[in-house]
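The following features are taken from Swiss-Prot:
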type	residues	note
BINDING	Arg46	NADP(+) binding site
BINDING	Arg123, Ser124, Ser125, Asn235, Ala236, Gly275, Lys290, Pro291, Thr292, Pro293, Ser294, Arg316	FMN binding site
Amino acid sequence: MNSFGKRLIMTTFGESHGKAIGCVLDGVPAGLDIDETFIQNELDRRRPGKSKFATARKELDEVQILSGVFEGRSTGTPIAMVIFNKDQKSRDYSNIKDIFRPGHADFTYWHKYGIRDYRGGGRSSARETAARVAAGAVAKLLLKEFGIEVEAGVCEVAGIEAKEFDFDYAKTSEIFALDPYVETLQKEAILKAKEAHDSVGGAVLVRATNLPVGLGEPIYYKLDAVLAEALMSINAAKAVDIGLGREASRLYGSQNNDQITKEGFISNNAGGILGGISNGEDVIAKVWFKPTPSIFQKQRSIDVNGNEVEVELKGRHDPFVAARGSVVAEAMMALVIADMLLLNATSQLSHLKKVYL
């Protein structure tokens, strides 16, 4: 499926080395101020080729809005956006056109469809996530109307964990690091792997603040379930924790429960979600990313005919995919919360009466 959402529906299209990538966002209420500069700034945050910690592919990622916006405001019709690819080097992939790259989707795409675009991974490439960031930027503009903010940053690199979580600092960091005191060690780990023609994994912390109580649609469209689905759909994501996540399984109930006073919750181990519904606390999730599978070492594989081969990749790839993945995680959380916000508008009769009576 290439679409995501119930009331706010995002559809993305395009391939890594195709003419363009883009998205169609359906369900945006009419009258929303569409700040094109903000959308472009979000794309610039994810854009490749800006540092030695990311791929050297240089894409401007200049977005064009094709529909759904008139005189700076949403019209209520689908908002279509396109980003034309400028810096494809398909020749870098000619040596693996019939070979399955270890760790990539080549093997599964070939067996599922009987055909694959070998140029940069085609549709399975993280290049697709630029379209998600464009759609997520519009979702952020909608959330801003309600005072809701979504932020993210890197909390772990190659096992080096952040001890502090400074989301403002992450906005200025080359690797979106949340902790300035371990950032140097994290950068060194990335560069060490890069010099060895290898890669490292890590984790991203993403949070939403100032949510109202009540977002989430039990039983089969719970806020945490959909959020996990959205974050797991990001390239190289391998696990998601909501709140304490896996750590909660090691605690007693007396330790894990977020006790309540008339002033509010004493703790936020649940990550802002109870029973699949937001409880008014910050919604917090952690996404774990595997090491980038594109490494420049000789590896064993097979070709489309089943012959064993030795493959050594060329091209331009991120040594640490979680850094730019943090911007994508923000976009996906924003899309989920905006979707839930629209769905919740019809959860009570009193809500409808405010509109129609």
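Positions of Cβ are set from backbone N, Cα and C atoms, glycine also.
Location within the structure of each feature annotated in Swiss-Prot.
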{"residue": "Arg46", "record": "NADP(+) binding site", "DSSP (3 states)": "helix"}
{"residue": "Arg123", "record": "FMN binding site", "DSSP (3 states)": "helix"}
{"residue": "Ala236", "record": "FMN binding site", "DSSP (3 states)": "coil"}
{"residue": "Lys290", "record": "FMN binding site", "DSSP (3 states)": "coil"}
Residues near Arg123 (FMN binding site) in space but at least six apart in sequence (CB under 8 A): Gly14, Glu15, Ser16, Tyr109, Asp117
Proximal but sequence-remote residues of the same chain as Thr292 (FMN binding site) (Cβ under 8 Å, at least 6 apart): Ser199, Ala236, His317, Asp318, Pro319, Phe320, Val321
Residue, out of the binding-site residues Arg46, Lys290, whose Cβ gathers the largest set of other Cβ atoms within 10 Å: Arg46
Rounded distance in angstrom between the Cα atoms of Arg46 (NADP(+) binding site) and Ser125 (FMN binding site): 14
Other C-beta atoms that fall within 10 angstroms of the C-beta of Ala236 (FMN binding site): 19
